[in-house]
Every structure is written in structure tokens, then in C-alpha cells.
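Participant: Dropping the structure in here first, questions after.
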Amino acid sequence: MTAISYDDIVKAPKALLHDHLDGGLRPATIVELADAVGHELPETDPARLGEWFVAAADSGSLERYLETFAHTVAVMQTQEGLHRVAKECALDLAADGVVYAEIRYAPEQHLESGLTLDQVVDAVHAGFQDGTAEAAAQGRRIRVGTLLTAMRHAARSQEIAELAVRYRDQGVVGFDIAGAEAGFPPTRHLDAFEYLQRENFHFTIHAGEAFGLPSIWQAIQWCGADRLGHGVRIVDDITAGNLGRLASYVRDKRIPLELCPSSNVQTGAAASIAEHPIGLLKDLRFRVTVNTDNRLMSGTSMSKEMALLCEAFGWGWGELQWLTINAMKSAFIPYDERLAIINDEIKPAYAKLLA
Ligand SMILES: O=c1[nH]cnc2c1ncn2[C@H]1C[C@H](O)[C@@H](CO)O1
Ligand SMILES: [Zn+2]
């Protein structure tokens, strides 16, 4: 098999389910917005600031990794800042060949300058609308849905869940909880998850990243998560290819794993890309998807994650198509819309690449 070039991966259609809006800013934008709002940064040269984020996030701990978000969240406190960040997010993903993306952020973290939750969501959506329209004008079609995240250490999950449902016909396609995992189990937010189930709404839960099987078990069996944010520690329930009860359940029910290889290496959840459990989980036919998590903190993109996996595991177009269709099957938009993207965009493009 001839090696796949990075440029070819960029051109191939890709689907992204796990990407944080406040983890994907352009360094130059942070510098400009920080200047405008008087926020002090560790570096003011965009290239050096980008390197600072990757180095600081490369900490071996989720808690220290999350500290870097203070500098992105600080410049996302105005309608202008939120609009610009969302618009550039859509443009950057489209330029990387992403045709479908679910982008998440925590509205409760953007209220420091007096915005209301509704104003935050409206500004982000306007940004995504403008970004997708500009990308389309450049000949790049991308659909973006948002997931509203509640912070797991805080106590606003019910309010954010209600906000997500209120905006379900205006771009919000799901709900999530994020933040430090150890000490903050998903069941703290059970009321919110039960409310979402009664509303027939979709949600994913960050689980099995910095904490192991109990977190995954709660997310699935107590909270009813549709997907697992990371979920990588499900390998703790697999011994020499034999699946324990929880791992079997996750595989049998085709529960999607939103795996984020580079992010896991930085937080210490995996030792290296080559040793990342994604290889085993793919061989065992879990519903594996590949994601960026935080493009800024990991200095990555969808194409880069895929290129790293091709290099580490010898994967080719067949595997990349499988991952992309897995992601599209697991998306939170309606079934017919998912199918249209798979049949009209993904399959024809990969058929040519595989030929
Ligand atoms: O990988 C992650 N695990 C847990 N929390 C995360 C991760 N990446 C980002 N976050 C947090 C920090 C952001 O401020 C928040 C909302 O996007 O979500
Ligand atoms: Zn995440």
C-alpha cells in the first residue's frame, strides 16, 4: 500500500464529534482579543503563544491541561469575541476538509462581562452561520451543530440542559458535561440527564479519560449517555482480547467512543499515539471515532490526528473511511441527514481514494 499523504487526508471528507470551541482558537486571534479586553497573556507573539499552549497542556494531568483554558475563556466574554471565534472555527475546520462538526462549549463560562446565557448562544450561532456561509462561498461545504456543555464541578447542569433544549431548533444538537473528572462523577448531574431523556434529547458525557470504569459505567447505566467523550479507559475492562461485562455492553450497543489520541497523550491517559488503545478498540470493532478535542492545546487538526494514526498503525483509506462513517452514524442530527452526508459526500469521495 502506498503511504497516504497529509495533503490527500486534508482533501478527504471528515466528520468531527468532539471539539471544544474554547480549545480551538487561532493564536493570533487570542493576541488581538486579549489586547482589546486587557487580558495578560504568557506570550504575545502568535507563534510563540501557540507553542506555549501545546507545551503547557502537555502536562501529564487533565487538571493542569485544563488550566490553559483560562487564556481562551478570558477572550470569549463579549458577543464580538464569541462570534469571531465561532466563525474562524467553522472556516478552519472547512479548510481542513471537515464536512460535519459538532462543536461544544460551556455557556456558563462566558458570563463574566455581563452577557446572558441566551446572548452567548446567539453570538456563537451567528458566528457559525457566518463562518459556514463564507466557507461555502469558497467552495467548502461544512455543517456545524453545537453541544452545550455544563461544567461538572459546578451546579448549573439543569439550567444548561434546559437552555440546550430551548435552542434545539436553532443549532444546538446535544448536551455534554466536561471539566476535571476525578471527584466529579456524572451522577452529580443525574437530574439534568433524566430531564434530557424525557425531552428525547441527545447527550454525551466526558467519561473514562482521567478516571476509569466507574465513570463510564455511571455515564451509561445511570445517566443514559448516547456517546462517551473519550471513553478510552474502557480498555481496563478488556483482558487479552476478552471483554468484561461493561466493555461488552458498550460494544454490543454500539455506543460511540469519541477518542482523542493527541489529547490523551498530553493528559497522560495514553503513553504515546502508537500505544493508544484506539488500535485495540478498532481491531475489536468498537464504534470508534477519532477527534481533535482541543486543536489549540494539542497543536492538531482532524487531518493531523488521522495522519498520526496512519503512521502509528499502518492504517489507510479503508480505516479512515470506517472512522468517518462511524462518526457520521453517531452524530446527533436526524438519521436522514446523517445518511445523506454518508451517501452523497463520504462514500463517493472514499470510493475514489480507495480505487
Ligand atoms: O478533554 C477534556 N476533558 C474534560 N474537560 C475538557 C476537556 N477538554 C476541554 N475541557 C473543558 C475545558 C473547557 O473550558 C470546557 C468547555 O469547552 O471543557
Ligand atoms: Zn473534551
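Cβ coordinates are placed from backbone N, Cα and C, and glycine is handled just like the others.
Here TrEMBL flags 13-343 as domain 'Adenosine deaminase'. Positions annotated as Zn(2+) binding site by TrEMBL: His18, His20, His206, Asp293. What TrEMBL records for His20, Asp22, Gly179 is substrate binding site. For Glu209, the entry in TrEMBL reads active site, proton donor. What TrEMBL records for His230 is site 'Important for catalytic activity'.
Looking at the shown structure, what environment does each listed feature sit in?
Facilitator: In the shown protein chains, 30 other C-beta atoms lie within 10 A of the C-beta of His18 (Zn(2+) binding site). According to its DSSP assignment, His18 (Zn(2+) binding site) is in a strand.
Counted within 10 Å of its Cβ, the other Cβ atoms near Asp22 (substrate binding site) come to 25, all protein chains included.
Cβ neighbours within 10 Å of Glu209 (active site, proton donor), excluding its own Cβ and spanning all shown chains: 25.
The DSSP secondary structure for His230 (site 'Important for catalytic activity') is strand.
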Participant: Between His230 (site 'Important for catalytic activity') and Glu209 (active site, proton donor), what C-alpha distance do you get in Å?
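Facilitator: Rounded to a whole number, the Cα-Cα distance is 6 Å.
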Participant: Would you mind ranking the binding-site residues His20, Gly179, His206, Asp293 by how many other Cβ atoms sit within 10 Å of each Cβ and giving me the lowest?
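Facilitator: Per-residue Cβ counts within 10 Å for the binding-site residues His20, Gly179, His206, Asp293 bottom out at Gly179.
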Participant: Taking the recorded positions Asp22, Gly179, Glu209, His230, Asp293, which residues show a Cβ-atom distance to ligand 2 below 6 Å?
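Facilitator: List returned for ligand 2: Asp293.
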Participant: For Gly179 (substrate binding site), which of the listed recorded positions (His18, His20, His206, Glu209, Asp293) have their CA atom within 10 A of its CA?
Facilitator: His206
Participant: What is the maximum Cα to Cα distance, in Å and rounded to a whole number, among the residues His20, Asp22, Gly179 annotated as binding substrate?
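Facilitator: This binding site's residues have a maximal Cα-Cα distance of 13 Å.
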